[in-house]
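**Student:** There's a structure below that I have some questions on.
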Amino acid sequence: MADPWQECMDYAVTLARQAGEMAREALKNEMNIMIKSSPVDLVTATDQKVEKMLISSIKEKYPSHSFIGEESVAAGEKSILTDSPTWIIDPIDGTTNFVHGFPFVAVSIGFVVNKKMEFGIVYSCMEDKMYTARKGKGAFCNGQKLQVSRQEDVTKSLLVTELGSSRTPETMRIILSNMERLLCLPIHGIRGVGTAALNMCLVAAGVADAYYEMGIHCWDVAGAGVIVTEAGGVLLDVTGGPFDLMSRRIIASNNKTLGERIAKEIQIIPLQRDDED
């Protein structure tokens with residue numbers, strides 16, 4: 001039987017390119033910047049415009065499909081994941097980077113059926129790198145096959161994470177103490193390019209060994225999740241248990257051994273799930 005979702009994936013690649021072009025164009029003009037949940041949780045008119053273009057284009061072609069989009073949720077829509085084919089969209093992952101012209105900005109499109117990730121597209125629009133993966137078919141960047149690293153020794157690992165957009169003293173304390181605990185193991189270092197999707201793609205590409213974060217949303221990781229697993233990596237919860245797309249926490253690692261070792265050092269930040277009111 002022909003792959004029922006391949007056409008959807010091809011269309012998603014076309015749309016991601018279009019969205020990336022819109023983002024690059026917007027960088028040439030003065031930006032209209034707004035704030036969402038905190039003074040550092042930013043959104044621009046471009047985020048909203050790109051999401052509108054993506055969702056309306058997909059709705060026209062696939063009217064029966066469902067959607068979870070970052071800006072729609074910010075505007076009051078619910079993020080409920082059902083078994084129906086669902087597009088999970090982050091129109092601009094790395095909005096703070098985008099606002100500053102810092103060159104790591106991604107369009108992220110994840111496609112989930114029966115709550116399982118079927119394909120993912122992450123387009124790094126300022127680098128012109130198109131990361132793609134289809135379940136069971138491998139992960140690629142601009143057509144080149146991706147493969148995670150083989151590092152299992154945490155003391156020789158390079159990790160990626162972010163400081164997040166929460167600035168409450170307690171959250172910051174946990175984030176920084178988690179970093180301190182990992183750095184003192186010691187590990188080779190911690191990096192971060194300012195977008196969850198691209199941090200995960202760096203793990204898929206084998207140039208970072210694992211990514212961990214709490215406070216992310218399903219739209220940050222739905223596109224890149226399948227890119228990591230198709231490149232040979234694993235997705236775990238920060239406890240070391242099974243990954244849950246709606247839990248707002250993740251370890252994306254090159255292998256289970258390293259992922260579980262990292263989980264041992266992480267203190268949990270209590271968070272409201274994406275699918276809770």
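Every residue, even glycine, has its Cβ placed from backbone N, Cα and C.
Nobody curates TrEMBL annotations by hand; they come from automatic prediction.
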**Student:** Do you know which of ASP209, ASP220, ASP237 TrEMBL groups with ASP90, ASP93 in the Mg(2+) 2 site?
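**Tutor:** That Mg(2+) 2 site, as TrEMBL gives it, pairs ASP90, ASP93 with ASP220.
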**Student:** For ASP93 (Mg(2+) 2 binding site) and GLU70 (Mg(2+) 1 binding site), determine the Cα separation and express it in whole Å.
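**Tutor:** On Cα coordinates alone, these residues lie 9 Å apart.
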**Student:** Given the Mg(2+) 2 site residues ASP90, ASP93, ASP220, which other residues of that chain have a Cβ within 8 Å of the mean position of their Cβ atoms, reported in sequence order?
**Tutor:** GLU70, ILE92, GLY94, ALA106, SER108, THR195, ALA196, ALA197, ILE216, HIS217, TRP219, VAL221, GLY223
**Student:** How many Å lie between the Cα of ASP90 (Mg(2+) 2 binding site) and the Cα of GLU70 (Mg(2+) 1 binding site)?
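**Tutor:** That separation, Cα to Cα, works out to 6 Å.
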